[in-house]
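Everything on this sheet refers to the single structure shown next.
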Amino acid sequence: VQEEKIFAGKVLRLHVCTMEGAEWLEEVPEDTTVEKLKERCLKHCVPGSLEDPKTVTHHKLIHATSEKVLTDTKTVLEENIQDRDVLLLIKKRAPPPLPKMADVSAEEKRKQEQKAPDKDAILKATANLPSRNVDRTVAHHNMRDFQTELRKILVSLIEVAQKLLALNPDAVELFKKANAMLDEDEEDRVDEIALRQLTEMGFPESRAVKALRLNHMSVTQAMEWLIEHADDPTVDAPLPGQTPSEATAEAGASSAEAAAGPSSESGGEEAKDELTEIFKKIRRKREFRPDPRAVIALMEMGFDEKEVVDALRVNNNQQNAACEWLLGDRKPSPEDLDKGIDTNSPLFQAILENPVVQLGLTNPKTLLAFEDMLENPLNSTQWMNDPETGPVMLQISRIFQTLNRT
């Protein structure tokens, strides 16, 4: 008996399949390498294929159950192949051919053509163009100058409108009606239904009013604010920047005084004085109201309440712009907002000579619009769309833009 037969390993019967549909059984010892098994399979299904040594490397055996590609150098035992297992003999996919040098050059050229130009290429292409240095900070400053100039125009036009309206015998009655409209200011009103919902939940009325004003009359947000600040010792403090109760009493007193009017003066003087009081009352009602949330946020940064209110007034209640103003040179100053335009300037003369503006200045509603835009610039869109004040604002804008270009 030969020694190799005595110590021979276990013989496995393997079921081999090809992609072409051929099937057969291979009996191999378990110590046979995968490469030897592959040679036997190729010899069985592709006669004469072993003459080309590359044929073996161009095929692979796959264990059907585990879908594992068998390693040529390992034995059947090492690959954990069992008796009756199914193996697949598959030809390897040919690798893609290497690109030709001409194709590589063409591809690189195409990529270079699609590549964005670098800084040197841009400078070279624009070398003959006239230079125009546009500084974003300057553009922002010019925009702020426009707002400041428009505000000055409104200040001066308010003075002119007051003088013209004082000559109108019906001005007092007209302004009394307009003044009554101001009493319905949305910002002063509290939604009664929303307030009742919060008070029915057990929140104090004064605290509920504060929460609603801070959250734009949203019941849900106001309730969240009340719960969040329930233990805050300053929860009942008045909102920063809002007029205290004394100012409310003063406004009521001035209202009564304006309604009563002078008693011992002549008819013309009475009307003039009453109109002056109405103008003062309108100005008081149109005083700037800072956004409470913005005030609190900026004060938490360490700024004083007065300077925070000034910053919001200068920057139209825009918190980010107000923060930049506080950290910057603080120009324009709050005092600059009350200055009018030079009455001898070509711009102001052109505005006053416009027939549409002249007619609009005799309308009390135009004065109310100017006052509103002066203290609440964000309301300008509302007045631009108004059929009475819109044409006046359009003419002022056109004149300003025309003279600003020259």
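All positions are counted from 1 along the displayed chain.
Using the three backbone atoms N, Cα and C, a Cβ is placed for every residue, glycine included.
Features of the protein shown, as given by TrEMBL:
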- 106-117: compositional bias 'Basic and acidic residues' (COMPBIAS)
- 243-266: compositional bias 'Low complexity' (COMPBIAS)
- 183-229: domain 'UBA' (DOMAIN)
- 289-329: domain 'UBA' (DOMAIN)
- 98-117: region 'Disordered' (REGION)
- 232-273: region 'Disordered' (REGION)
Task = Sort out the residues at least 6 away from either end of the region 'Disordered' (98-117), same chain, that have Cβ-Cβ distances under 8 Å to it, and list them.
result = 125
Request  = Check the domain 'UBA' (289-329) for me and report the mean pLDDT.
outcome  = 85
Ask   = For the domain 'UBA' (183-229), what are the DSSP-based totals of helix, strand and coil residues?
value = 32 helix, 0 strand, 15 coil
